[in-house]
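Features of the protein shown, as given by TrEMBL:
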- 579-606: coiled coil (COILED)
- 681-691: compositional bias 'Low complexity' (COMPBIAS)
- 714-723: compositional bias 'Basic and acidic residues' (COMPBIAS)
- 735-745: compositional bias 'Acidic residues' (COMPBIAS)
- 363-462: domain 'PDXDC1/PDXD2 second' (DOMAIN)
- 468-573: domain 'PDXDC1-like third' (DOMAIN)
- 674-745: region 'Disordered' (REGION)
Amino acid sequence: MDKLPVKMMDPTLAEMGNHLSDAMKILESGKLESEQGKERRKLSWKDIPGPLQGDGQDVVSILQLVQNLMHGDDDKQGHRRMQYVGEQGHMALLGHSLAAYISVLERERLRKLTTRILSDTTLWLCRLFRYENGSAYYHEDDREGCSQHPVIYQSAACRPGLGQHLCSQLGLPLSCLCIVPCNTMFGSLHQMDVALLDKLIKDDRESGKAPLLLIANAGTPGAGHTDKLGRLKELCVQYNMWLHVEGVNLATLALGQVSSTVTAATKCDSMTLTPGPWLGLPAVPAVTLYRHEDPALSLAAGLTSSQPVEKLRALPLWLSLQYLGHDGIVQRIKHASQLSQQLLEHLKTLASIKTSVEDELNSPVVVFRFSQDNSAPSSGGSVEGYYAGERDILDALNRWLGEQLAQQVPLSGVDVVELEDEGTCVRFSPLMTAAALGTQENDVAALVEKLGEMIPVLCCTLRFRQDFKDEVLQQASLSYIEDQSWPGLGAVRYEPRTTDLEEDKRQHRVEKINSDLLKKLMELDTDLYFSSGPEFCEEKNCIFIGMATEDLDVAELVETIVSFGRDIEESGKLFENMTEVVRKGIQEAELQLQKANEEKLMEEGVLRQIPVVGSVLNWFSPVQASVKGRTFNLAEGCLDSTEPVYSIKAQMIKEASLDSPKSATKRFPGQKLFRRHGAASDSISDTSSVSQLEESFRETTHVQASDADEAEVPQERHVHIVEETVLSDQRVPEGEETESVDTLR
């Protein structure tokens with residue numbers, strides 16, 4: 001916002017505007033304080049809250065503090081995403097500053113000014129949204145604005161908590177709230193059932209109750225559908241009830257062409273508008289327009305206030321509407337509607353995407369969902385035709401789809417919504433997000449492009465889930481974990497083959513094996529994502545596999561999991577028995593070495609053991625003794641001769657020179673694990689993992705595993721202990737014959 005002109009009637013207003021402009025520049029500049037400043041701030045914030053400084057601070061220092069509080073963790077988060085505050089937003093913020101300044105005026109001037117502000121704003125809104133001869137109530141909470149009782153009827157598709165809030169505000173018990181179900185046979189599944197409402201009203205009247213208020217929707221919070229407002233108005237006139245309407249579709253009343261279903265809202269008794277999100281205005285109040293002939297009753301109901309300060313709530317909106325002008329307001333609402341139509345047109349061309357749109361020609365809210373072509377309902381239908389469990393699987397996949405789209409295209413403003421009939425869907429409501437985020441046509445195009453990349457991944461994952469389950473069930477050492485809320489291939493658990501352990505020890509072994517198995521799988525060079533599952537998953541000690549691509553080799557994936565699990569299990573058994581095996585091996589080695597010494601004594605004779613005599617005998621008649629070796633088998637815990645080992649090894653070397661070496665599964669250059677050669681899925685590899693979009697990079701290591709090579713060497717691990725008897729012309733001194741035993745220990 002540019003500097004305000006100095007020539008103004010009140011110099012304070014010019015100074016206030018300039019200060020606001022400077023403050024916004026500081027807060028939006030993104031320039032954080034230096035490292036030294038950060039260190040000082042950390043030291044000064046050790047005890048929060050800290051004492052108030054006695055000498056005070058200047059405006060720049062205070063604004064710097066506010067900026068640090070707003071963006072202090074940006075270096076940890078890596079980015080920051082704030083609402084876009086345009087020029088019209090600055091006017092709204094200026095309105096809050098002016099409200100505080102105006103409130104100190106003398107009473108008569110304050111009354112005249114607030115009356116003008118309220119009159120102008122109410123007139124503009126009534127004409128803009130086609131609500132003739134209406135009054136306005138400005139409130140911070142958009143759930144306020146209705147003050148009728150004692151029986152309140154609302155649609156089952158209304159915002160959660162709206163009826164409870166009204167009962168709380170009016171001091172009524174929740175028994176005064178009546179939820180009217182939506183259509184089940186005819187019409188939209190998100191519209192109030194008018195015939196059932198008529199029956200409920202009649203039953204309440206016959207039981208002595210007084211139906212007074214009906215809350216209808218012009219754009220349900222979930223799917224953006226509009227109730228049959230014309231028929232509901234007839235019922236309210238018949239039973240002398242008050243009809244209140246709310247919803248995002250009310251914004252389209254400002255356009256030149258409006259659907260007849262939304263136009264009927266102009267005949268209701270009251271309706272709530274939320275111009276803040278529609279126009280991108282921060283901290284402006286919601287407005288309830290209503291019609292009532294007696295101003296005294298409005299004052300008694302709390303819809304108007306005699307306090308001038310409370311009337312200043314409309315000041316930020318008054319300034320913003322003047323800044324935008326009629327054309328600017330209409331242009332923003334029209335732009336949001338065009339974005340919805342642009343997305344809807346592209347969604348019609350995508351396979352496996354089903355939409356839930358009330359009016360394809362004029363709907364500001366687009367709700368879509370991934371679904372199988374062969375069993376997906378038509379546009380706006382329910383999912384009752386799915387087999388048991390399929391809806392939960394599709395809900396998980398659509399939840400993943402919405403989260404990934406929101407992450408990859410944040411300016412689109414899409415979010416995930418849970419609908420009672422359709423299930424989990426992705427919602428695009430630009431009227432509520434586009435003005436704040438600055439959404440443009442290229443953002444919608446990027447959204448469609450990413451969606452097109454993710455659809456093959458979703459289809460492949462849904463198709464391979466059953467194949468993965470069948471492969472796992474064929475493996476005795478794997479257990480398939482049925483978790484339909486997981487967006488991916490599925491989950492498995494490696495079960496050790498040992499059954500003679502106690503339950504606690506067995507659970508500990510299962511946990512250890514699956515933990516090591518998960519780490520080993522995560523180190524593989526593959527597009528698949530492996531994890532321990534959601535944070536609050538009921539199943540423990542499991543391995544969850546993420547989204548799949550078209551070239552996935554499910555059989556190889558399962559075989560690799562089994563192979564790795566078996567290796568880890570055998571290694572675990574080896575280490576668990578290592579202590580006992582080594583102890584027994586040492587004892588056996590001592591006995592055999594002692595026996596070898598005795599045999600040596602018997603072979604050489606007693607004379608050779610005498611120091612001088614033995615040297616002479618060894619000089620004239622040397623003893624021809626061969627080297628005797630021992631092999632220590634850790635798996636069996638026993639000592640064997642090394643002669644069979646050396647002979648087998650020599651034979652294997654000879655055979656290896658004659659035969660060509662075997663290799664593992666042949667892979668082509670650049671081909672990753674678990675991929676079938678020739679499948680064209682490289683174009684979607686960037687979306688083949690659940691968390692690949694959340695991680696900028698992943699450390700990978702190539703694991704070389706060749707079963708053929710393992711078959712060419714003995715399976716037992718050996719520790720060779722070689723006992724050597726060296727011939728010499730000198731007698732071995734006493735005590736040295738046991739040196740080999742000590743060395744072994």
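The backbone N, Cα and C atoms fix where each Cβ goes, glycine too.
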* Structure fact -> Model confidence for the domain 'PDXDC1/PDXD2 second' (363-462), as mean pLDDT, reads 84
* the domain 'PDXDC1-like third' (468-573) - residue tally per DSSP class, helix then strand then coil -> 46 helix, 15 strand, 45 coil
* Tally of helix, strand and coil residues over the domain 'PDXDC1/PDXD2 second' (363-462) according to DSSP? -> 52 helix, 16 strand, 32 coil
